[in-house]
């Protein structure tokens, strides 16, 4: 079979082998009908993504995971040996979302956004090739027995916030932000997080323009309350999902309400959750509570989240360095007194550290920094107008609001919808990354762009949010030395400058393009996922006082070991 036919799919153009074929040149009879043709922008966007088209049999595949709509393989190119990840769509009704995801990823370039590598066609379907992330996802990392100090946890939270801030600045929000879609990369500098899975991403609606209400999509455990109630929502829904992820990071528990306490109105049970935080930095816990606020207007933006986490991370690193300086003389004295201490043999390293049925380890012990210095008390306030603490003497069992609604099926489903024309239009309007951002591999054939012979009328400016990301393009390091600064020029993000305390950049106008696309009929499908049981974490003794309606918010005081409820109101 001819290769051009083998690499084509219904509704999509075959791979262009020569520039003359795209432009209608070459002098062949088959190109006569193409002379002078004005190609629509949707076709040109696909050509850009298809410039790195490959076949499945060009790779060796190893399955490493699966989701509701796709299976993920670790693939190695037979010729070059390059390792990538292949996301194979398994649901025919999800083809439109897969196509949109490919087009969107092809126009995003940021160290905390999963990097697009190319596309693969197999059995008439389009599949995305991305960079391979070597340490799984955030949910798997938190479920492991690895000890994660607070500096590492805050750094991972910072990476996710920076990636989402970049996405929001581009005028798009994720709508399916979960700990499963945050991938973990490990290198010589430690752990870093990368945001993935943009199949449900949508253009941020403009309330002033009377935008159409968006459909209910996402994973229920992480969905914002306004989304679950089928109310109008915007990018602040991503902030609530991020808050649930922060709860997972702090307590190292699953987002399942059987482990993470929730309220009947799909909010976070702050009073119950504070028993599970151990020696969490109070300002980190305060940020988590702010993100989980039931009122979308009271949730911070990812710009504010990133700045707060940057301050927290800097303080934790200073405390860690101070603790190391105090530990060095003590460790030296112990070695002088006990020179005969012998290290365990290498055979002990081979003993498995986990039982056949692993159970989640929740790190609730005091940090070593508490041994040397007593931290001053700090307060954590709950400013959620829809939250009422329960009376400690009449506590009710844990609430699972997802079991009360039949349509949510216990929360173990995933809602999806066809992409709207607005997000497709925005995808085509986004500037593609520069050629230096994603170098082609040896097996990838570069495709020269066609000569522009047409001009569209000027369009209205793109609806980018003005709260730009001053820290986008930076990547913190867990090493002892100063973190490297990655400027926006390196990642070809023209709209976002590197971190400065200057004013925010204004949105840039983009050229209007034809946004027509064929849409298939959508079906509703779900694939329940099994959940592994984990023990509830040890909680600390607390006294909880109920606040009457209309009173000031409850205030929780912390002094380095657990949290205690103050008997007086703020102010």
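Just so you know, glycine gets a Cβ as well, placed from its N, Cα and C.
456 is the residue among 208, 345, 456 that Swiss-Prot describes as phosphoserine.
The phosphoserine entry in Swiss-Prot, when matched to the candidates 92, 365, 369, 487, corresponds to 369.
In Swiss-Prot, the annotation region 'Disordered' applies to 521-571, one of the ranges 266-316, 521-571. The recorded positions examined here are 66, 70, 219; by Cβ neighbour count within 10 Å, the least packed of them is 66. Cα-Cα distances to residue 219 (phosphoserine) place 176 within 10 Å, out of the recorded positions 64, 66, 70, 72, 176. When the Cα atoms are compared, residue 66 (ATP binding site) and residue 176 (active site, proton acceptor) turn out to be 16 Å apart. Other Cβ atoms within 10 Å of the Cβ of residue 64 (ATP binding site) number 15 in total over all chains.
Cα spacing between residue 72 (ATP binding site) and residue 176 (active site, proton acceptor): 17 Å, rounded to the nearest whole number.
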